[in-house]
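Read the structure below first, then the notes.
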Amino acid sequence: MIVLKTPEEVEMMAQASKIVAEAHQVLKKEVRPGVTTLFLDSIAEEFIRGHGGVPAFKGYRNYPKTLCVAVNDEVVHGIPSNRILKEGDIIGLDLGAIVHGFYGDGAVTVPVGPVPDQVATLMRVTEEAMMKGIEQGVVGNRLSDISHAVQQHVEAHGFSVVRDFVGHGIGRQLHEEPQVPNYGRPGHGPRLQVGMVLAIEPMVNVGGYHVRVLDDQWTAVTQDGSLSAHFEHTIAIQPSGPPRILTAL
Ligand code: MF3
Ligand code: CO
């Protein structure tokens with residue numbers, strides 16, 4: 001069942017999402033060679049709590065931290081550790097916050113210092129694909145119109161879309177129906193309606209789309225060792241026109 005949100009509920013999700021967006025802004029300034037992913041996690045947790053939110057991922061299915069990181073060939077769900085970032089890495093920063101029981105969820109991928117052109121292109125295309133998907137988040141469209149738009153853009157650039165993880169409805173729970181795949185034929189799935197709130201989150205690999213999960217039971221990496229990027233916004237479907245991006249500042 002897809003739980004529709006009232007305008008008041010969307011406002012609470014907007015508050016949670018704003019904390020996520022602001023935390024990303026702070027984190028981006030702290031990403032540089034020499035810092036550990038654990039340091040970034042501590043900044044994220046302090047920021048969320050300091051702004052009246054609760055970290056959404058900590059404790060979720062026993063996940064131990066506030067932030068999910070994904071360095072280089074890591075796709076999603078890397079656990080912050082003593083790993084030290086070095087110049088030329090890329091890092092995905094995925095985080096969620098809860099305000100008054102409602103969730104906001106967002107992710108960005110950023111470079112650690114300068115990166116080669118193809119790596120910058122991977123990040124740009126992934127963010128663009130997310131935005132192309134979001135543009136399809138219009139009343140009357142079907143869910144897979146979002147999925148198709150994402151896949152189309154990614155594959156036009158020769159990259160591949162991860163299948164094993166998907167976007168999701170979001171509200172009083174981090175993961176609600178419907179699932180939002182980043183691939184598929186257009187014109188399928190539920191029609192989009194006012195009150196739907198969705199997390200759109202393409203994960204894009206330079207090589208093949210297959211991923212595997214490491215022995216820590218969390219970290220997903222590309223099977224072929226190629227680089228991967230991840231962006232995510234929480235969006236609310238509007239009565240008409242494009243969706244409201246709750247995780248944008
Ligand atoms: N943003 C991710 C998602 O939507 C991260 C959640 S996994 C967690 O699935 F366990 F860390 F919470
Ligand atoms: Co998500």
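Note that Cβ sites are derived from N, Cα and C of the backbone, with glycine treated the same way.
ASP105 is the only one of ASP41, ASP73, ASP89, ASP105 that TrEMBL places in the divalent metal cation 2 site (with HIS168, GLU201, GLU232).
Checking the binding-site residues HIS77, ASP94, ASP105, HIS175, GLU201 against ligand 2, the ones with a C-beta less than 6 Å from an atom of that molecule are ASP105, GLU201. HIS175 (substrate binding site) falls within neither a helix nor a strand when secondary structure is assigned with DSSP, and so counts as coil. Listed in sequence order, ASP105, ALA107, MET130, PHE165, VAL166, GLY167, VAL180, ASN182, HIS230, PHE231, GLU232, HIS233 are the same-chain residues at least 6 apart in sequence whose CB falls under 8 Å from the CB of GLU201 (divalent metal cation 2 binding site).
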